Amino acid sequence: MDPLAFITALARDAGALLRDRLNDPRRIEQKQPQDLVTDADRASEALIVERIRDAFPRAAILGEEGGAYRGDGDERFIVDPLDGTTNYAHRYPLFCVSIAYERAGVLEAGAIYAPLLDELYAARKGGGATRNGEPICVSTIGAVANAMVCTGFNPARYARNGRHFGALSNLAQAVRRDGSAALDLAFVATGIYDAFWEFDLKPWDIAAGWVLIEEAGGRVGAIAGGPLDLDEGSILASNGAIHDEIQSALARADAG
Ligand code: IPD
Ligand code: CA
Ligand code: CA
Ligand code: CA
């Protein structure tokens, strides 16, 4: 089975589950303060893991809510069954399902589905990126002064995030903080945002978006410069044209 066709269908189905449950009474647990998990996260992951196990029984799975399998081949699925849990818990409509497919350590395909927008973002390495089947590409904005950029906050890093947010608020046309890193990355791929940065994300937040942005002609790297490490997760993603300018602005904010 073609992995991209598989993960796009799966992201759609899991997204439909999230949409169907949105107005149901919710069971919300706190993993830690400001870190929620709901019954919908778990139900979405259960559906996804079951379908992967069925279709790709040898593949490894890395899922946020514990759906981990070691596998015995060189394939791996990286799964965020609900990215934007806090948004979902408050019925703020920006949330998504994010699934990436990796083979021999190479991210080969990514799918992100935002059910309330009914937008399916998909990309295959070397094959371009699409939104609902139509090709997409990053923006052509060439200066931060004309850019709309986005970030996300890890509660452990408020002081630093605040400095960066302040610095970019002074420089850019607008800064947003939307609460779904995977969807933020899809919005970079489709040219809504010109850049996105966030510290300490997890592989399931960024793997699918990484494929999308590179296939849409953008650039993905570490905030500190150099290549992004999926397991380190501090990502700067952009249309390419404003990448160095944003990176310098973040570094200057750190230097005071
Ligand atoms: C979170 C969202 C949020 C980001 C957090 C992530 P979750 O993922 O992507 O935008 O700021 O760092 O943990 O927990 O909603 O899947
Ligand atoms: Ca979470
Ligand atoms: Ca997430
Ligand atoms: Ca999640």
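Any Cβ shown, glycine's included, is placed from N, Cα and C.
Glu64 is the residue from Glu64, Glu65, Glu215 that TrEMBL records in the Mg(2+) site together with Asp80, Leu82, Asp83, Asp205. Look at the Cβ of each of the binding-site residues Glu64, Asp83 and count the other Cβ atoms within 10 Å; the largest number goes with Asp83. The binding-site residues Asp80, Asp205 differ in how many other CB atoms lie within 10 Å of their CB, and the one with the most is Asp80.
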